[in-house]
């Protein structure tokens, strides 16, 4: 009887320059890992889903990679890192469109790249570019333009959110609770400007100007702009509610520390107090901000029901009226789902930035 080829479970993730594969095999012995003709070959003795056996698999990559994989054995798995030949984002891992049954995305790894790692990587890239340009005798025009552009972008955002934060603070100190009810008419124009400009941040990540992951930036951009432009912007009845003050105040409180931190990073400055604030203040502010957004959605539901705005009727023969409030109720669930995902991501950022007790690997 011919022996059946056993394949282990493999999880993958990527960055612009690297591919990461996690092979679910424990107590691995005699691993044979190589890349020939752009195909990754893996064969090893280990304990997997089918017990202690020899497992193997082959993956033909979507695009060209460097033929020197780097792997690390742990007690529970094999971690493989493969360098892409061209720094770019792949739409899938393999050349064949149909994903192999043993292959799945490593969702934790897709969201784990922290700001601290990105800073170190950016600095290392900058150092290597500087050495290369010096050896070639070329000016650092592109590097300086990129740093100057990012510095100015973060400076403008910092000034915009600082104006909102200071304005709301001063008005509250002078007028007290009365300042809550005209917050929108006082600072909405500046908030519109800052949030429209935030689109650039997501574009920068998508095209590789920055090494930030696209997904967290996109989630925050879409969530905030939905609250600002749909909930507040289209409903005059919502614009004089106190919740607008709390949403705008919490957003600006978070961003003045985030953008000032990024701004100083562009000029290679590290102010430890600011760094600590950037990686700590989100712990109370981020959940409070999500809670304020949820309150604004809840308060808007009866208004949308009453006005019928954005509601529509399905065509014949169904002819069912679909209220916009139905989508708002779904959005409420998405707010708290996003809170969980981003809170977990931000916690890992902070833990990696300030270190953790290292677990002993046998």
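Glycine too: its Cβ is placed from the backbone N, Cα and C atoms.
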Item to check | Candidate set 26, 114, 311, residue annotated phosphoserine in Swiss-Prot | outcome: 114
Checklist outcome for this item: For residue 7 (phosphothreonine), the nonlocal same-chain Cβ neighbours (under 8 Å, six or more residues apart) come out as 55, 56, 57, 100, 101, 102
Checklist entry - If you measure residue 293 (active site) to residue 286 (active site) at Cα, how many Å is it? => result 11
Checklist outcome for this item: Most Cβ pairs under 8 Å to the transmembrane segment (218-235), of 150-170, 186-207, 242-256, 280-298, goes to 186-207
Item to check | Neighbour count (Cβ, 10 Å) for residue 286 (active site) | outcome: 17
Checklist entry - Where does residue 293 (active site) sit in the DSSP three-state scheme? => result helix
Item to check | Contact set, same chain, for the transmembrane segment (150-170): CB under 8 Å, 6 or more residues outside the stretch | outcome: 179, 183, 186-187, 190-191, 193-194, 197-198, 200-201, 204, 209-210, 245, 248-249, 251-253, 255-256, 259-260, 262-263, 266-267
